[in-house]
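> A single structure is presented below for examination.
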């Protein structure tokens, strides 16, 4: 068991107000203790370590200078919020991070008044801060009051268009608000795009002219890790038109870059900004992800997301794998197909590792594109690749594909362009909770004309679906698969091209048919075994396709059974709704046929293990068994054999 760190000063700080009497020297000590406590807590729970370590000093400075919760600190994404939670009355629960009934791994309004705006997806903080600033000036009333609005946003999040939309609007409205650019040059993947080469221009404009003089020669005063970033200013100045930085052109007063780990810089700067700011301010702070904890600093992803680990060594404790992950199966299957077909290319939005496309990039760098946190652009870029004769695989998490939905409709579906959507993290994903659940993609894709929508029941099926997507050139096609390990099934050497819109019968039975879409098939089969012990043998089928439906198979199941139950890892309005529409159109319900659809409930399910989340959703084997007994009108074991 890891020893708890000694934190005598932090032990006295239960809320930000307790910091007001501390000297600047004591705040430095507080930051050191806060860093140790963050490392200790995440070693127990796992979670996003590196981001929080990179903003420890910034977190201390913000809470020491501003008056939270009246002043609103909005953490973009929220990965970096663990130190903030420790300082804001939640230290006693910090070792429940991301656990069932515990603290969220992100900011969450329902959890604390110190979390004024929830987050988990990126690039929303500036819009939210502007909204608070406008609400303040219009006389809005909230229990904690409305003071300053401060957005803390990383350089990775600055690759998303929404951040610039917000800055453009903020510059126009000229409201007093503060944006702190947390520039660590290391989001999850290396930062992408021209913006990453722009961020270090040493300049600051009105009303902070005194900072200009201090900025001269500041590069030489920065610690070595920060010098290189600051030197990028020289390259940018060569091609710049007269008129200040991009941020100033958008209407912000710009200060920076400063050392985001030096409280001797942060504290006086924030105090000056608080006292003198009149309009929107941009503070550019250079930080280091994983700062102060060597295993995180030296990790390739700077400790972005970790399992539980040993504090002394940084060694993570992960359970041994019994089967390859779905993500790895997808990536390897795509690599095999790309070896045979040079038209295959891959697109991801700042998630090369998470989607497995880092493997593709190593093998085929000229055919792999990380577009940054820019799902809208990524989808349209993929559409034009398809229009140009390529075979693009647009690999995104289900929850993030939502951000590019208009492009899916307007640029892909309406034009019937053969973009292949590889939808990872489908269904309930566990510790990241509701913000990362892949609950809605079946519904929002299967309602689009001409869209083919598949779901893999196991890892072998996923391999077949990759091959099917490669071969499909008649419009868009999507296949979804969950987070985590596969079922350990035998893997085919080569993926088989599936017939579009055709499912498969797994086991033949009588009375009731269970039609599964996706990886709940394993739970359906467990339910089938339990039902067999009761004398009930259901027919079990794997739909494979939510669109187009296998009309022939479904209507045959109806013709030969008393009841049909569909099961899917998606929200209301998805696969089951399409089956119900088919049955309605065919007049099946006119005969009194019994139909039930098992879907995710109409709630956002809080974090837990995926198994616990599916238990809450009523989607496990026992729930399926109960549904079968209910639809057949069987309440007791003895009735089943009657």
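For all residues, glycine too, the Cβ spot is worked out from N, Cα and C.
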> Based on Swiss-Prot, name the residue from 79, 84, 172, 410 that is recorded for the same thiamine diphosphate site as 120, 121, 122, 156, 157, 184, 293, 375.
79
> DSSP on residue 375 (thiamine diphosphate binding site), three-state: which is it?
helix
> Could you state the whole-number distance in Å separating the C-alpha atoms of residue 121 (thiamine diphosphate binding site) and residue 155 (Mg(2+) binding site)?
14
> Listing them in sequence order, which of the binding-site residues 79, 184, 375 have their Cα within 10 Å of that of residue 155 (Mg(2+) binding site)?
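Of everything listed, what lies within 10 Å of residue 155 (Mg(2+) binding site) (Cα to Cα) is 184.
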> Test of understanding: give the count of other CB atoms lying within 10 angstroms of the CB of residue 79 (thiamine diphosphate binding site).
26
> Max Cα distance spanning 79, 120, 121, 122, 156, 157, 184, 293, 375 (thiamine diphosphate binders), Å?
32
